[in-house]
Amino acid sequence: MVNIPALEQMNQILHILFIFLPFFWAFGTLPPPDALFLWAMEQVLEFGLGGSSMSTHLRLLIMFIISAGTAVASYFIPSTVGVVLFMTGLGFLLSLNLSEMVLVFKHSVTRHRVGTKSNALSSGSEIRFTWREYLFYSVVLVLALLETGLLHHFASFSQTSKNSPQAVVGYTLMILFIILWILKEIQSIYIFGIFRNPFYPKDVQTVTLFLEKQTKLMKIGVVRRILINLVSPLAMIAFLSLDSSLQRLHSVSVSIGFTRAFRMVWQNTENALLETVIVSAVHLLISNTDLWWSRSLDTGIKLLLVGIMRDRLIQFIAKLQFAVTVFVASWTEKKRRKSATTLGVLNIVFSPFMLVFIVFSTLLSSPLLPLFTLPLFLVGFPRPIQSWPGVVGTTACVCADTVYYCQMVPGLTTALQSAMAAGSLGLLLPGSHYLGRFQDRLIWIMILECGYTYCCVNIKGLELQETSCHTAEARRVDEVFESAFEQEEYVKLCSINEHFGNVLTPCTVLPVKLYSDARNVLSGIIDSHDNLKEFKCDLVKVLVWILVQYCSRRPSMLENVHKTENKGKASLIILPALNTEPQTESPEDTDSLNSENLDDWSDDVFGEEPTIKKGKDEKDQLKVLPGINLPIPGSVESQNVESHSTNTEKSLYQAVALGYPAIDKGKQEAMAFIPLMEFSCSHSHLLSLPEEWMSDCLPNSKMKEMSSLFPEDWYQFILRQLKCFPSKENASNVVEEIAKDRVLKDFYVHAVMTCYFSLFGVDNMIPSPGHILRVYSGVLPWSLALDWLTEKPDLFQLALKAFRYTLKLMIDKASLGPIEDFKELINCLEEYESDWYIGLVSDEKWKEAVLQEKPYLFSLGYDPNMGVYTGRVLTLQELLIHVGKLNAEAVRGQWANLSWELLYATNDDEERYSIQAHPLLLRNLTIQAADPPLGYPIYSSKPLHIHLV
């Protein structure tokens, strides 16, 4: 073995290679074992077995094993017809999204057995297969098998003749390729990324206008999809089935080459069509059969070699363009111009070596690594298409703005489905990157996996809080898209892309249902004395409406609706009296008035009834109970009431009062005591507020003073608008009876005015804008009723909602004009209730409202830099997202530099040069889009499977 020349040469090469291994390791060119293993599997699966890069490492391993087993099994099949049918059938099946199809099928079977509708699939898949898709796949598979078997069995095989059946099919494929290329190019805004497409709509700024102008293009897209999904695969299968190389059984080259060829027909139809056309054209142009190409290689291996050359040529062009862009980016920076000049001269002098680096990087399919994003290039280590270890979509720097991306992703996925099917995004290849832009949102889209009628993508959302670097690059992105999509009609038809050197090339616009964000300055509205004065009057009305709506819809009321007509006796409730005489109390009794003692007192046992004293003005409404006396607050006094009749009912009555700040002795003001009241209408309890809201915490004189602000006409109007009563026939009579119930009205007067007092505090003056903002944010001023209100979370939230609704009403009145009548006011409040969420951006309910797709959201804020109050309005509507394609090699190269700089060079400076903004390279945005911990996207989706039938 020592004398074998090949081993001697290998020994010499390895000795030289071992010398450079430490340098390769130091410069990050040697791959980690896991990256090398995954990269090797991807390369063999894609170029040797006809598959595609997969969205997860587990799927990659499983698909690699199955695909390799298919190639091995085809070697041992004795019949040529059997080999062709086997390759065709398995090539079709393996190109489908089988795992998702099986998962959906199991999900459907389970749901059918259980008999209930379930939520979305646990995998987060967006695919929804129906019986039509399964029928379509079955029909296509049967047609492919019939065509392959019949052609291979009955057709004659003549490889050299230009009139042979295979040559005729080759001509057909050439014509088909030209048609598909034309149909694909006219779907995008630019042809070759340089010349503007004259057929693409101009000045597209609204969804309606865009959809009208794009109708013809969508029809062309349907034709293109039919040609790709049906005509092209069947034509290529005919070409392969007629090849004479299939007559040579038990050949390794035939098994590998044709297994890949029959798989590529379905897995990546457009690339397979290009490869087949090239091989067919070479067959027709080269008549000399003695050449190595014709003599030694069968058609399957030729297709394999052409596929590798096609991929490497595309990579070389993209890497070369990236290298030139890095050089131009360094030259255009004034601060770096001196060093860039030096590096430029060195690159020109050593340009052959730079080309060697680019070629070597292309051959390995590894990223071209620009050191610190300067024009100094190394060969990065080979790595998978995903560039980062770990499962896609499991890590993100989640923040408050993440919810906006969560809301828009389902609609964006649907829009991507139409654009990909029509060909608007160009050729779909694993590892392709796209950038979407709308207002302050930047969406990063990466293709992970492609197959027959499906595509798997990962969508990332970049931060909304724009830094200076982020803003500079985002502005350039806007300029690129505006120059492409917002041109006037008089511009020349075939204009040239002004930003051709940029790594971003505009493709199309996508109509997506999402939130537009508008921020307005409220100066002149929130600080207007007249508006604030009206605000106080409107707040009482909104409080009344909110509480009545709450009581008419609460579950306890609905449960008792059908029991109303059976009640023959009016109910007793505890109500703070508004017109009662003050009760004489001793100083000791007043000092003992505190919530802790009264809470203990209120937990009394059954059968003991507190006594109450009757006021002069309540003779018509009070029900006199024998042997009842009012106990001293803070103590427990009770009398045992014996029942002398079986019809006597025992009831538990509670008197609850909360403490308030101490008053100097001799100046104590009596609190309104709590009588037992009876509704005059048997239906009034349907609108009665909860019992725990009946407590009194304000002095009687204060309540009398504030009760005059209660809008009784508005209260009566609201009651007459209600539709929550048991019988529709007597509804009007019931409403009139409830409206005349003074006890119920006094109940609402007390609750509304207590909340009103709590929201404005001790000073009942015109509120300031700062006071409005604090209360809007949930920070109430101190008052006697503050503790009482905050201890009742439901009532507190209702009062806060009423305050926020009133603020929105004030802004709308100032912007749109005054409210004409009560009916218009109710319509306005009902619109707030159904279509708006009015609150704080930091609230959890804000996020819930975004995910539930509330039509409008409003928030009040303050800008300390400008010293102004601002209003933020989110509006849900279908809007256009600009989408462009990024240079994939530029992204991989900058990500490779990020990994090398942080892990090998350990340069973690937050202001390092490689993350500074640059309009050509989009460095800062590209670094953000990397997977954490090196990048920091605020949203990253799980692999989303998009159906393209």
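Keep in mind that glycine also has a Cβ here, set from the backbone N, Cα and C atoms.
According to TrEMBL, the feature transmembrane segment maps to 12-39 (among others).
For 60-77 (among others), the entry in TrEMBL reads transmembrane segment.
Taken from TrEMBL, the feature transmembrane segment applies to 83-105 (among others). Long-range contacts of the transmembrane segment (83-105) within the same chain: residues 50-51, 59, 63, 66-67, 70, 73-74, 77, 121, 123, 125, 127-129, 134, 137, 140-141, 144-145, 148-149, 152, 237, 241, 246, 249, 258-259, 262-267, 451-454, 456, 945, each at least 6 residues beyond the stretch ends and with a Cβ under 8 Å from a Cβ of the stretch.
Marked as transmembrane segment by TrEMBL: 134-155 (among others).
Proximity of distant same-chain residues to the transmembrane segment (167-183), defined by a Cβ-Cβ separation under 8 Å and at least 6 residues beyond the stretch ends, is recorded for 161, 220-221, 223-224, 227-228, 231-232, 235-236, 238-239, 242, 270, 273-274, 276-277, 280-281, 283-284, 423. Under the heading transmembrane segment, TrEMBL lists 167-183 (among others).
Residues or ranges marked as transmembrane segment in TrEMBL: 222-242 (among others).
Through the fold, the transmembrane segment (273-293) approaches residues 159-160, 162, 166-167, 170-171, 173-174, 176-177, 180, 232, 236, 239, 264, 299, 302-303, 306-307, 310 of its own chain, all at least 6 residues removed from its boundaries and within a Cβ separation under 8 Å. Annotation comment: TrEMBL describes 273-293 (among others) as transmembrane segment.
The transmembrane segment annotation in TrEMBL covers 313-331 (among others).
Per TrEMBL, the feature transmembrane segment maps to 343-364 (among others). Here the transmembrane segment (343-364) has Cβ contacts under 8 Å with residues 312, 315-316, 319-320, 323, 327, 330-331, 374-380, 382 of the same chain, all six or more residues outside its ends.
As annotated by TrEMBL, region 'Disordered' applies to 579-600.
According to TrEMBL, the feature compositional bias 'Acidic residues' maps to 586-600.
Model confidence over the domain 'Pecanex C-terminal' (787-941) is summarised by a mean pLDDT of 90. Annotated domain 'Pecanex C-terminal' per TrEMBL: 787-941, in sequence order.
Below 8 angstroms of C-beta separation, residues 84, 88, 140, 143-144, 147-148, 151-152, 155, 157, 164-166, 169-170, 172-173, 176, 179-180, 183-184, 187, 258, 261-262, 265-266, 269-270, 272-273, 276, 280, 299, 421-423, 452-453, 948-949 of the same chain, each at least six residues beyond the ends of the transmembrane segment (222-242), sit close to that stretch.
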